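Listed in TrEMBL:
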type	residues	note
TRANSMEM	B:29-50	transmembrane segment
TRANSMEM	B:56-77	transmembrane segment
TRANSMEM	B:84-104	transmembrane segment
TRANSMEM	B:110-132	transmembrane segment
TRANSMEM	B:139-164	transmembrane segment
TRANSMEM	B:184-202	transmembrane segment
TRANSMEM	B:223-244	transmembrane segment
TRANSMEM	B:250-275	transmembrane segment
TRANSMEM	B:296-315	transmembrane segment
TRANSMEM	B:335-359	transmembrane segment
């Protein structure tokens, strides 16, 4: 009889219009490292938010048993009190504070509100020893590298008497040595009786440390595999993608012309961490009339590649060559990129794409006001007429062009963003997750629009985390992993398994 | 393209813009309604003194410089920034002007131009730190507030400088010139008629343009009703002023600036960029807008308008004093927020800033006429500011 520290039974969580988790069962045996894997959007994060009380008890169905006792967490504080600690991908440390202050943040060693600094320091030293970090506890956290900060996070968890440690993509930002250290630490902790749940896209790491692997897909538990039974990566990948193409794509006969746009030897470094390279030596081409996909998991560098190409709107120390119609482009600003015929539809339409307080009309014309103005004076009537044209052409469901974009549904917002970029009349469109969070009907309409643009002879670069979308839409797919392009697949060779293998490929250890 | 299935649109707004956005403009109409209520209230409470020609003229002269500042401040707040230095900048420019005209005897038109350039340079100085060095505007302009207050005292050596030549004083207390001699100020009436004609003609042309693009046009009776209302209000206003000494120069300046800045904010590329940068700076940058440059120029503009306000105040006082412009920044900020600006940026109109400034001005004037002390006046104005913003926030949350 296995000894389960955690049992999650029949968890169902719904958001308006979406069932994020559907009757998920998840059991974790005490004293193991249990990996949770699945595509982006499979429900991993949602499940962990249910577990930790971020989605409070009552907002989901199903039950959670911790040490065989039912739990009804209403917030992070309660789940932490019960011994469950989550370490997120984005670290929750306060940069200017010292290690010891961070380790005991919210959990201060204090008597009647006065902090006992001796106890704090002593215990910090003890905890740092446990995680194998040799640093002065008074060192400010921002003087440490990301890998060491990660260890401080774990020390912080240990200070809370953690029983169940959840790590969400802990190695995404780490280099190889740091990753190995961290994985070794997970095994050490396991040997000291601490159970961990590891969420990771890097299957080689999962295979190296996990005792069991649970696969989620489309909000459902697919299976739980015991690593001791001799599971290999291919087996896991099959579980992650083994799904029918249940989305539909409009039929299309591509008419592909000459090479339109080329990126060659593209390198980008992180904007604030100058020695972290986020795109390495990437090269790609797009032909006229072609829809080219870029696949990759979160953090693979797809958005960073696109934004840095688009007038250097991301990163620093950017190098490489861009060519359009064989002529080299020098795009120092977004304005240059637009003038050169590029358009970039952002991944996050609310934060980066739209002026939510403004109406549809003003959003549509924003990137190309010159088209409706003469000597800098806008022809307001023509602007309305042009915006109404898009309203009808893209079937944006809104009372009129004076509707605030903040009041539209996700699909209609996305159509407004598309209109904005179609209004600049670009030759090359880069679409970053154009159908994220949109219902199936609107997706189909957006696919039709994108295909229409390709049929006009424009080149389309489609970044997507949904494999079926890439396979259904693209004539060719580049796959990125950890900043590199790890492969290029034509329409015929591109299967879910082949793409997933390249996506989870760690280039540094590629065989 | 058909226009049948679209909901009927309301008439275009007076600025000649195509703004049939009843909903979006609700807040602004609400503010105008609030202004009307306040005017009527004080008109009754003061037994009709408030709208007496003499008092209306006073109202304009007392509030002109705050309205000029409010226009600039509105742009700054739409840009999601703040400027605390405008009162001190106004004082500093007034001080320099005093020294240049009175002590050095330079010709005043030259000095006025120099003063506006000085204001622009001060705005550029602050705008550089805010837009390019990315230092928060609150800090930069708090520094500017102290810096220019101190410098005005240095320039004036703690003393007031007076008097100014009469030509310069017209800027603060003069009236539009009159030809011929009657009881009624004819030029003012003619200006009013001309203004009304321009607005109505613009509205008419706008209808024609809408038809040209196949857009829905509001019914003709709407247009006539609106035109009659506009003409009536403007002529009535001109009449009241004409009965006394006519339109003050201050009033003319405010009207011209309001019209010009309304046009810039609603109908030009630059205006659109100002809203976009304030509404969502990152989205604006990714749409190819030079966000830093936009911010910089908004502060340059604020500097020029602060200088103009300083000139108007010095001219009205007929003296340059180191204490000039105290708390002007707060009046201007309050006017902008009462007039519908949003602290989260991207929202507000120039007309709103004027309405907000008038709400404050009428309350000041009305309470003074009632003999209410300055202590209570301040307290009540503070309450009104909080109420106006709370109402705004409440409305916004409700619509979400």
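Quick reminder: no glycine exception, Cβ is built from N, Cα and C everywhere.
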Long-range environment of the transmembrane segment (B:56-77) - Cβ separation under 8 angstroms, sequence gap at least 6: 83, 86, 90, 137, 172-173, 240-241, 244-245, 248, 250-251, 253-254, 257-258, 261, 265, 274, 278, 298-299, 301-302, 304-306, 308-310, 312-313, 316, 328-329, 331-333, 335-337, 339, 341-343, 345, 348-350, 352-354, 356-358, 360-362, 364-365
Contact yes or no, the transmembrane segment (B:184-202) and the transmembrane segment (B:139-164), 3+ Cβ pairs under 8 Å, gap 6+: no
Cβ-Cβ under 8 Å with the transmembrane segment (B:29-50): same-chain residues at least 6 beyond its ends: 338-340, 352, 355-356, 358-359, 362-363, 365-366, 369-370, 388
Interface check, the transmembrane segment (B:139-164) with the transmembrane segment (B:110-132), three or more C-beta pairs under 8 A: yes
For the transmembrane segment (B:296-315), sequence-distant contacts whose Cβ falls under 8 Å of one of its Cβ atoms, 6 or more beyond its ends: 64-66, 68-69, 71-73, 75-76, 79, 81, 83, 85-86, 89-94, 97-98, 112, 115-116, 118-124, 126-128, 130-132, 164, 168-173, 250, 253, 257, 270, 274, 324-325, 328
